[in-house]
């Protein structure tokens, strides 16, 4: 086998590794605030608010105006392109607001899922064209990490070998391009919770998908110490009649990761996948209490599971902004504890216990 040319210098590797470690420092995770305009339409319609650029800005301001309490539990915030260039009411760019708290800025760079021909309704993700130039610009504009989401689903015939391979290679190409531009890639192969499959089936599929992803990352000479993984937790399908405990979910999840994710990866930042806010916190907590050795930081990269209570409290009213921000801070602190295995549960019925599941979820 020919020797691979060193794609990254020692300085580039150190920068990437330092960024990744900062994001997943003990007790810290990621706020995923990278919903597309279409996804924001769904969120805002739930509270009867029109999906305008100004309303999206006002909502993001609710999250980003959180005080210094979030510094200890949020290591990074993922922005959508529009948000990266928006400002708060005082004319301060959101990027600067976040950076001044010592939190790193990330950017969603994929362009959404598209059908994968020759499969049973499976998809790949587009956005590689022009990615090199976009990454260079985003780095100049303050982004230190990026996110790219691929989607797989479980059914009798899926995921197919073709879909697994194609999505693994797309993620690897994206990761390589990011690293060349000093941006840490978050690799997100999401296995949707749609279906009635049990925990074992999800664990089996998760292992096959992650094994393919890390083979592709190796083939593309991606520097693992300068990456993060954003997987689904191993959970039963949403329509599965069997209910599993957080401890069972934790054991299946950590087992799948131990079989597939190299210890060189600094951190695993789970997506919430339509779990309720409380469920996502309890499961993350159980994962961090799991008796199996865990060489990576195991933390959160939550969107809906950090925002649902805040969105309900805000309802598009300026007068509610302060209360909504408090709801977000409260949830962020709870997940910061869960990322250390120190969360005891909120006992919260209400909004925090509401399922956030969306069938066939697209961003």
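Just so it is clear, glycine is given a Cβ too, placed from its N, Cα and C backbone atoms.
These come from Swiss-Prot:
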- 5: phosphotyrosine (MOD_RES)
- 36: phosphoserine (MOD_RES)
- 39: phosphoserine (MOD_RES)
- 45: phosphoserine (MOD_RES)
- 56, 147: substrate binding site (BINDING)
- 111: N6-acetyllysine (MOD_RES)
- 188: active site, proton acceptor (ACT_SITE)
- 230: active site, schiff-base intermediate with dihydroxyacetone-P (ACT_SITE)
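Features per Swiss-Prot, on structure.
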residue : record                                                        : Cβ within 10 Å
36      : phosphoserine                                                 : 16
39      : phosphoserine                                                 : 18
45      : phosphoserine                                                 : 11
56      : substrate binding site                                        : 21
111     : N6-acetyllysine                                               : 15
147     : substrate binding site                                        : 27
188     : active site, proton acceptor                                  : 25
230     : active site, schiff-base intermediate with dihydroxyacetone-P : 23
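Cα of residue 39 (phosphoserine) to Cα of residue 230 (active site, schiff-base intermediate with dihydroxyacetone-P): a span of 19 Å.
It is 12 Å from the Cα atom of residue 45 (phosphoserine) to that of residue 56 (substrate binding site).
Cα of residue 147 (substrate binding site) to Cα of the residue listed as 'active site, proton acceptor': a distance of 7 Å.
In this structure, the CA atom of residue 230 (active site, schiff-base intermediate with dihydroxyacetone-P) is 17 Å away from the CA atom of residue 111 (N6-acetyllysine). DSSP gives residue 56 (substrate binding site) a helix state. On a Cα basis, the residue listed as 'N6-acetyllysine' lies 14 Å away from residue 188 (active site, proton acceptor). For the pair formed by the residue listed as 'N6-acetyllysine' and residue 36 (phosphoserine), distance between Cα atoms is given as 10 Å, rounded to the nearest Å. In this structure the C-alpha atoms belonging to residue 36 (phosphoserine) and residue 56 (substrate binding site) are separated by 10 Å.
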